[in-house]
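**Q** These came from TrEMBL, pasted as-is:
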{"type": "ACT_SITE", "residues": "His232", "note": "active site, proton acceptor"}
{"type": "BINDING", "residues": "66-68, Ser93, Gln114, Thr142, Lys208, Ser230, 263-267, 286-287", "note": "FMN binding site"}
{"type": "BINDING", "residues": "Tyr116, His232, Arg235", "note": "glyoxylate binding site"}
{"type": "DOMAIN", "residues": "1-335", "note": "domain 'FMN hydroxy acid dehydrogenase'"}
Amino acid sequence: MNPALAELHDKARAVLDPVHYDFFAGGVGDEVVLAENEAAFRSLALLPRVLRGGKIGTDFPVLISPTAFHKLAHPDGELATARAADGTVVVSSMASTVPIADVVAAATGPVWFQLYVQPDMAVTEELVRRAERAGCAALVVTADSPVFGRHRRDIEHGFHDLPAGLAAENMRDLAGVAGPRDIAMSADVSWEHIGRLRGMTSLPVWVKGVLHPADAVLAVEHGVAGIVVSNHGGRQLDLVPASLDALPAVADAVAGRVPVVLDGGVRSGGDIAIALALGATAVGIGRPVLWGLAADGEAGVRRVLDVLRDEFLHVLTMCGGVLSRDMVVHRGFRC
Ligand code: FNR
């Protein structure tokens, strides 16, 4: 991990209620996938190209992945995250502790709305309308959650509910129910719902949580605007591969037809470079944003993004400004 990010993580752990720290940090089951997401990057090396000359681009191919309940990290919650993003795309969780309209109002750049399709399609449609009215630029449908993941740390702590005064604000006053309603996961959600959502809105519809290349092909066939290769930061099924290990086959299956974002375990500028070399268009970051937010609010999130931007451009320059699959090898390989 980048040392500045490690420092923010340590500070976050020191200031957070240990139950909330574990909610953010933890994964599902034995946390095998949680560890592997980061380890997958460490198992790879970059073979730079040299003497290429020319100007290095300054694009910063990073999105803020959707994570729930930012007010558990900092009283300003998602408002601080949105302000800090400063042009970086914020994918705002449906489970945010600030309503989506306020998140968009606080942001200076694009905000996308992450959606769990609700079994009651009237509720789903109202959520989509809220996102549209707020001015969101895309919908990101999370597909890897037919049921809630079983997070051992939360179970051990008996952590089920938000503290008094906090709520999933987007779930308030929907479809005739006063006050916030619970977010439901549904195993009935299918590709047909992607079609229904596309019919319901002119917003681009992304799908998040794809690991199998055949699902990536189906996603493209169903007209998605982009795919997020993700295992939910090791929080859904503890038997899946590291998301980085799933990336090359998905990128091959998609073959450039739509953008492919990778999230899970990205902790440095070098990690961003490796993901791009393996076929990602951009990466999403989850926990590092939460550590920055908990450690220092808006300034902490800004620091996370600044550190990653600076380090990524440094690595990219070291690599001659281009990244391609042939430049990634396993550590210990012999030429
Ligand atoms: C998440 N993630 C997530 N994803 C989603 O689609 N909707 C959500 O509400 C949440 N909530 C959430 C809460 C917390 C505490 C974490 C850590 C993660 C998953 C998230 O979008 C992303 O896929 C991972 O966090 C990426 O992995 P890293 O960067 O945390 O390793």
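Even glycines carry a Cβ here, placed using N, Cα and C.
Keep in mind it's a predicted model, so treat the numbers as computed, not measured.
Locate each feature and note its surroundings.
**A** The C-beta environment of His232 (active site, proton acceptor), restricted to residues of the same chain at least 6 apart in sequence and closer than 8 Å, consists of Thr142, Asp144, Ser145, Gly149, Gly209, Gly264.
Asp263 (FMN binding site) falls within a strand when secondary structure is assigned with DSSP.
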**Q** Which recorded positions from the list Tyr116, His232, Arg267 come close to ligand 1, meaning a Cβ under 6 Å from one of its atoms?
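**A** The ones that qualify, in sequence order, are His232.
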**Q** Cβ within 8 Å of the glyoxylate site's Cβ centroid: which residues qualify beyond Tyr116, His232, Arg235?
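**A** Other same-chain residues with Cβ inside the cutoff are Thr142, Asp144, Ser145, Gly149, Gly209, Gly233, Gln236.
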**Q** Just the number: how many Å between the Cα atoms of Gln114 (FMN binding site) and Arg235 (glyoxylate binding site)?
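**A** Arg235 (glyoxylate binding site) has its Cα 16 Å from the Cα of Gln114 (FMN binding site).
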**Q** Roughly how many Å separate the Cα of Tyr116 (glyoxylate binding site) from that of Lys208 (FMN binding site), to the nearest whole number?
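**A** The Cα atom of Tyr116 (glyoxylate binding site) is 10 Å away from the Cα atom of Lys208 (FMN binding site).
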**Q** Express the distance between the Cα positions of Arg235 (glyoxylate binding site) and Gly265 (FMN binding site) as a whole number of Å.
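**A** Between the Cα atoms of Arg235 (glyoxylate binding site) and Gly265 (FMN binding site), the distance comes to 12 Å.
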**Q** Greatest CA-CA distance (Å) over the residues Tyr116, His232, Arg235 that the record ties to glyoxylate?
**A** 15
